[in-house]
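As written in TrEMBL, here are the features:
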type	residues	note
DOMAIN	1-94	domain 'Ig-like'
DOMAIN	99-195	domain 'Ig-like'
DOMAIN	202-282	domain 'Ig-like'
DOMAIN	287-367	domain 'Ig-like'
DOMAIN	372-467	domain 'Ig-like'
TRANSMEM	474-498	transmembrane segment
Amino acid sequence: MFAQQPQDLVVVAGQPVTLPCSIPGYHGVVLWIKDGLALGVGRELIGYPRYAVIGDHGSGEHHLHIQRVELMDDAVFECQAIQAAMRSRPARLTVLVPPDDPVIIGGPVVSLRAGDPLNLTCHADNAKPAASIIWIRNGEVLNGAKYSKAFLRDGRRESTVSNLYISASNIETGQIIFCRASNKAVPNGKETSVTIDIQHLPLVNLSVEPQPVLEGNLVKFHCSAKANPPVTQYKWAKGGSMIKEVSGDTYEVIVDHSFFTEPVSCEVTNPLGSTNISRNVDVYFGPRMAAEPQSLQVDLGSDAVFNCAWTGNPSLTIVWMKRGSGVVLSNENILTLKSVRQEDAGKYVCRAVVPRVGAAEKEVSLTVNGPPTISSTQTHQAPHGEKGQIKCFIRSTPPPDRIAWSWKETVLESGTSGRYTVETVSTEDGVLSTLTMSNIVPADFQTIYNCTAWNSFGSDTEIIRLKEQDSLPVAVIIGVAVGAFVAFIVLMGTIGAFCCTRSQRNLKGVVSAKNDIRVEIVHKDHNAARENEDHSAMKQLMVMREYLTKMVLYCIFLLMR
């Protein structure tokens, strides 16, 4: 029986290998079989100079030794004992073949025209198994390569081709790109490299600092460029207009709102041509009118449409309101008022707000063509026997064609008729018509007066009455009475305080007289004068009290009447 049998082996081409076969106690013929064919009888393998059977024959050792394994040795081997009718397990010998050195087509230096993409092709041939190819730049593997494989005529070895595409903007002159091919035979791989030489238009980057920025602040533009051949010139422009005073790679300026919509451009030139790049500035600025709304005059029942457009940064908010009202009518550029009524007439405001920056507004007018509207106090007052007036105010668009006052059988539009006079005055808001009556009689308080106005859209009428005015209003009488009563109370308090003060002064004089006669004499003269003054003041207070008492009685009389 077999003490040793050949095992599956993997070996790299060019290395030696030994397939073991040991049958102790067997002294017959041993054959080695390769892919079903005998290599020879016994230990002589004629025709296979690289093959030899080695080992101690007496001990039953019949090992197959192969020097410098070649691809043709990739086969299935068996060890057979002919007389004993024994055969070993089949052993697969796998031969690995490293690829040839990889080759980059066009290397070792690849030159490109400006703007052309880079296409590199690397092939690694005669490998088993097929080689894997990777591309390396600056120590990093480049992704995106495409691979293809093809068997050679022997059906065992393969060639691998890899194509790498790099855009012109992603490569610089002087870079070195490696192609590395590897398989199991050479795990560390074999590599070759190519140096890239690119002559290109300037590659430009335009930076803006700071951003965002408030209008009126300083901003710095920096134009950095990479070019081969080197840069020869810088040019700056704003909104298409050249900035002649700047010639270097830096431009500093105080920005306004125009920088938000008009880009700043930098043009960089080298012998191959020019590259232009532009940037807008994120300028924060308050609302600026883009489309100004117009005042409108529309007929009653028609639609009114206002259009108002603003620009601002950051995004602004638009609010439509009627002047004097806090109600928001719209947050859009367009305000539509459906089927307008006369009360819709007035001033409308389109207001724009840029948060934390500023606000602005524009006012427009809406005029509604319709019948006149009359506003008036329905009851006017006038004193009997004197002159009185009643008034009506007419709002009308278009202006009223006619205004008339009528009462009983009388109609008066203007001028004077007997005791009556009509005056009409135009104001900014409308027309004021006044009917003046002289020497008012009781019948005037029983008469109904009509104020009527007409225009091309219709008419309106207001009924007004005249009421007799009291000669002295009750409120005035009550006020006088209350005031007199308060004055009376104040007077009584004053008199009481005066009397108290006088008594205290007399007491002090007596005490002084008892202690010192000379002081008494001095005080006596002084107190005499003071007594005269107190007597006079007392008389004045009594007169005032009598006057105020009469006033109170008169007010009470008026209230009772």
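Cβ atoms here come from the backbone N, Cα and C positions, even for glycine.
TrEMBL: automatically predicted annotations, no manual curation.
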Taken over the domain 'Ig-like' (1-94), the model's mean pLDDT: 90
Summary of DSSP states over the domain 'Ig-like' (202-282), given as helix, strand and coil counts: 4 helix, 48 strand, 29 coil
Residue distribution over DSSP helix, strand and coil in the domain 'Ig-like' (99-195): 3 helix, 59 strand, 35 coil
Secondary structure content of the domain 'Ig-like' (1-94), with strand meaning DSSP E or B: 6 helix, 41 strand, 47 coil
